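Engineer: What follows is a single structure, and I will ask about it in a moment.
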Amino acid sequence: MIEPLDSPASDSDFLDYPSALGNCTDEQISFKMQYLPVIYSIIFLVGFPGNTVAISIYIFKMRPWRGSTVIMLNLALTDLLYLTSLPFLIHYYASGENWIFGDFMCKFIRFGFHFNLYSSILFLTCFSLFRYVVIIHPMSCFSIQKTRWAVVACAGVWVISLVAVMPMTFLITSTTRTNRSACLDLTSSDDLTTIKWYNLILTATTFCLPLVIVTLCYTTIISTLTHGPRTHSCFKQKARRLTILLLLVFYICFLPFHILRVIRIESRLLSISCSIESHIHEAYIVSRPLAALNTFGNLLLYVVVSNNFQQAFCSIVRCKASGDLEQGKKDSCSNNP
């Protein structure tokens with residue numbers, strides 16, 4: 001049985017963390033060596049060039065800029081910043097959790113993951129609210145479509161994300177164990193009581209609330225388009241695609257990670273069997289790159305949101321748009337926020 005961790009561990013206990021847990025984490029270290037480098041490598045190899053191309057399109061090809069263009073550009077930027085940190089994590093897990101880049105980089109890389117996570121959540125929430133106003137309150141959309149409102153919203157997202165994630169630089173720790181430096185994530189760091197309450201507040205304000213907002217926005221949008229007078233097939237089809245994509249990102253990528261992070265922290269605070277804690281930790285490990293897969297969903301979102309983006313992408317890769325794409329551009333609903 002594992003002793004409850006109701007108070008901060010001593011330095012000797014902390015440095016002997018794997019020994020204190022016995023065999024609870026032995027299999028996880030091996031599992032992480034096999035699983036995380038592969039998944040993170042795939043995410044990096046697809047996401048880095050994909051977001052680089054997306055940013056280039058938004059900056060050099062997309063004119064005029066709408067509110068949605070500003071939000072999508074900021075979303076691509078935060079994804080790209082996160083993707084640049086993945087090679088460090090790939091090396092770390094592939095080497096058996098041996099961190100060679102120092103304490104500052106440990107905190108910076110862990111900070112980068114969570115900053116991207118909550119920036120993405122908030123940018124997608126802003127986009128959903130803009131779509132809601134355009135479709136449900138179309139008379140107000142002429143004001144909200146102006147790019148200055150999107151710029152203000154994006155600036156707010158950057159500030160809120162920075163403030164929300166900043167405490168992690170103090171809570172996340174690195175340590176030395178068995179002659180190796182380990183860069184611990186939030187759930188494995190010390191001071192669990194503080195981490196528990198910080199995690200609950202962070203999850204409630206920057207995930208649960210946006211999840212409710214996004215769900216309500218898109219259920220209202222679909223209901224309005226289904227029963228309302230606006231029945232343009234192109235508009236309805238595009239709204240359905242956006243709804244499915246956004247809800248998949250929130251419920252498949254983000255939700256499991258947040259649920260399992262709460263459970264993982266609680267499992268370290270409670271006196272439970274090594275077997276149960278091992279299974280909880282393993283499930284949490286699986287959920288971490290799953291959360292990072294939102295970068296794939298975002299790449300699809302760029303294409304779904306705008307037919308102009310599709311045309312610009314085709315021009316970059318030197319391909320000719322199909323007749324359907326040309327027709328889609330003519331018939332596309334131009335009410336993007």
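Cβ from N, Cα, C; glycine included.
Per Swiss-Prot, the features are:
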- CYS106-CYS183: disulfide bond (DISULFID)
- ASN23: N-linked glycosylation site (CARBOHYD)
- 1-38: topological domain 'Extracellular' (TOPO_DOM)
- 60-69: topological domain 'Cytoplasmic' (TOPO_DOM)
- 91-116: topological domain 'Extracellular' (TOPO_DOM)
- 138-151: topological domain 'Cytoplasmic' (TOPO_DOM)
- 173-200: topological domain 'Extracellular' (TOPO_DOM)
- 222-242: topological domain 'Cytoplasmic' (TOPO_DOM)
- 264-284: topological domain 'Extracellular' (TOPO_DOM)
- 306-337: topological domain 'Cytoplasmic' (TOPO_DOM)
- 39-59: transmembrane segment (TRANSMEM)
- 70-90: transmembrane segment (TRANSMEM)
- 117-137: transmembrane segment (TRANSMEM)
- 152-172: transmembrane segment (TRANSMEM)
- 201-221: transmembrane segment (TRANSMEM)
- 243-263: transmembrane segment (TRANSMEM)
- 285-305: transmembrane segment (TRANSMEM)
Engineer: Check the DSSP secondary structure of CYS106 (disulfide bond), expressed as helix, strand or coil.
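Structural biologist: DSSP call for CYS106 (disulfide bond): helix.
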Engineer: On a count of neighbouring CB atoms within 10 A, which of the disulfide-bonded residues CYS106, CYS183 is highest?
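Structural biologist: Result for the most crowded candidate: CYS183.
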Engineer: Could you tell me whether the transmembrane segment (201-221) and the transmembrane segment (117-137) are in contact, taking contact to mean 3+ Cβ pairs under 8 Å with a sequence separation of 6 or more?
Structural biologist: yes
Engineer: Of the stretches 39-59, 201-221, 285-305, which racks up the most C-beta pairs under 8 Å with the transmembrane segment (243-263)?
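Structural biologist: Of the candidates 39-59, 201-221, 285-305, 285-305 scores highest.
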Engineer: So which residues does the topological domain 'Extracellular' (91-116) touch in its own chain, when a touch means Cβ under 8 Å and the partner is 6 or more beyond its ends?
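Structural biologist: For the topological domain 'Extracellular' (91-116), the nonlocal Cβ contacts are 29, 32-33, 36-37, 40, 78-79, 81-82, 85, 161-162, 165-166, 168-169, 172, 174, 180-183, 185-186, 292.
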Engineer: Mind checking how the topological domain 'Extracellular' (173-200) divides into helix, strand and coil residues in DSSP?
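Structural biologist: The composition, in the requested order, is 12 helix, 8 strand, 8 coil.
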